Amino acid sequence: MNAVRRAGRWAVLYATLVGIVMIGLAAHAGSYLFGFTQPSATASQDADPMLSHAAPGRHPVGIRRIGPDDAPVAMTVWYPASDSTDSEPATRYSYSLTVLGTQTATALATYPGVARHGVEADLAGGPYPLVVLSAGFAISPASYAWLAEHLASHGLVVVAPQHAETLDPSTLWRSAIDRPEVVAQTRAHVETAATPGGDLAGLVDPKTVAVVGHSYGGYTALAAAGAQLDPDAFTSGCATARADDDPIVFLCDALQPHLDDIVVARTTEPEPVDAVVSLAGDAAMFGETGLAAVTAPLLVIGGTADHDSPFDWTTRLAYESAASRHKVEVSLRGAGHFVFTGGCDRTRRILRLVTTGFCDDPAWERAKARAVTQHYVAAFLLAELTGATAARTALTDPAEPSGVRLRSAEPSR
Amino acid sequence: MSTAATAIAQPTAAPNPTQHPRLRRLSKVAGALYLAIFVIYPLSTLVRSSLVVPGDAAATADNIRAQETLFRWGLAGEATIVLVEVALAGVLYALLRPVSRSVSLAGALARVAEAVVMAAGCLATGVFTMVALGDSGSLAAFDADQRNALALFFQEANEHIVLVWGFFFALSLLLTGWLVHRSGFLPRFTGILLALAGVGYLVQSFGTFLAPDLADTWQLVVLVLAVPGELIFALWLLTRGVDHVNWSAAADRARQSQL
């Protein structure tokens, strides 16, 4: 009996030891894999003459963070600056997901920017049109700084609110309610700050507004432009998707049980917008009828190999359904979902070893996809918000950069 | 059987616990302490790397503020390692003293020096970070962005301080490896593995100073070289211990040489 008891004790001891060793080995592997790589050498990208608006604009860029104590929602502002000296070091951004909590951004990668903190705004050329930038679900606004800086250099003020989310699909429905409200709060805050004596006085014109968003931020942009939820269309679309085993089923599972809650919660109509840009933006919940409520000029860009927000359910659906008189569709052949997110100059090692899609794309070099996106978004917004002729010409150029397919509907003159 | 094989095989004879209970206890304590470091250190590092965003001061500061408890647990883990290292230095000194008192002392001192640098560096940068991000008012002259930058500065400084204590740790491992290899009461291969681990840390520290562009490579080198050596040594001490007969013989020889 004693022998059995002793054997049992040894078994427990050895099992404990093995457990501890396994934890130690996993911790060592985790510590290495979640560490950051050194900055990668940036290959100089030859400028594509077809992408005239991919070149930075004439303005230096400033950046300001507005904390939750100073506004209804924390936000980051990129603006045209007058200071062209290098007195302040340029900002480095992180491409992050809020995994551990709404206030905790777990960085996947970091990348260099050009904006300088708190530098003087160039009020001489202002006030500039406002662009509200809505990030993807649980993705930090800084993940889109490469685009925000680009737009600010072209004379736009970009304000990106921080959506209070964690990477939990069961809260997607809650975000569907909160996000349009956050955009409204952001616009209201900017409007107040733009009044004489305000922090943004003379810098931003809150009456000339575009909303830009990626992924769930694309849903946000479309909702902010008046798109109406259509539970019946979504339910019917989800039934088809389930039969076809389409990846959009993920969104169906997350939203369908709460569709009524989302519809009931949306009580206020959004303020009008002057332009909308949806980058792989979720649109399935609006259906064709709900999207027909969008009348503002619309630019949609998406990757045809996007398995997170499939092209047919996002970019194509929005383009073909919106009632906008001027709309443009840019399809990136073979591109995935995260080709629109932050730079991957320094990444966590695991992203170099495992294909996750966050920093790798099946078909596109990140720099090239960014150049295409920068070109079309800047040209579209400058054309719609400032009436810039060169920008409009760039949009109507029938020549397509390689890997890009362009469709547009122009208003009859 | 070859000489080397004999040397490895010799100490595998199970020590008799009744004859040297203190020795057996000492080796078990050394193994447990080593294993504690093996587990706690990477976990503490993991906490830091989950919160610190290289180059992005605002994100780093937000993360540490939002996950202050986690950050403090990371600091507590590092403080525990410092204490364990000092205790382990004493235990290993006592265990390996029969081989060479002076080398064993040097190894123990190197390990204590490593612990001191770790305390002065890692723990201090952690505490300074907390002060920079706290509401104490001592940094009221700095604005929020400057305090965030200060916090990131301390965290990035820590990345380099790791390389500084790495020198002392490498020395300690090299000396311990030599002692184990020469001992006769512990398997020679564990000594070689420990020395290789020391080489790994040395390569990482010198390599990162001299060729920072290859820092990823140096980190991989240390992972590949250090983990097997330290883990196997810890497990051997914990489960097999030292060969008491050879340890006693070595202790006798050491006493005689002193006389």
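Note that Cβ sites are derived from N, Cα and C of the backbone, with glycine treated the same way.
Note: TrEMBL annotation is automatic and uncurated.
According to TrEMBL, the feature region 'Disordered' maps to B:1-20.
Look at TrEMBL and you will find B:32-53 (among others) tagged as transmembrane segment.
Below 8 angstroms of C-beta separation, residues 23, 26-27, 29-30, 33-34, 36-37, 40-41, 43-44, 47-48, 51, 103-105, 107-109, 111-112, 114-115, 118-119, 122-123, 126-127, 172, 176, 179-180, 183, 242 of the same chain, each at least six residues beyond the ends of the transmembrane segment (B:73-96), sit close to that stretch. Summarising the annotation, TrEMBL assigns transmembrane segment to B:73-96 (among others).
Residues 61, 64-65, 68, 71-72, 74-75, 78-79, 81-83, 85-86, 88-90, 92-93, 139, 147-148, 150-151, 154-155, 157-158, 161-162, 164-165, 168-169, 171-172, 175 of the same chain lie 6+ residues outside the transmembrane segment (B:108-133) yet bring a C-beta within less than 8 angstroms of a C-beta in it. According to TrEMBL, the transmembrane segment annotation covers B:108-133 (among others).
Here TrEMBL flags B:160-180 (among others) as transmembrane segment.
According to TrEMBL, the transmembrane segment annotation covers B:192-211 (among others). Beyond the ends of the transmembrane segment (B:192-211), by six or more residues, the same chain brings 163-164, 166-167, 169-178, 180-181, 217-219, 221-230, 232-233 to within a C-beta distance below 8 angstroms of the stretch.
Residues or ranges marked as transmembrane segment in TrEMBL: B:217-238 (among others).
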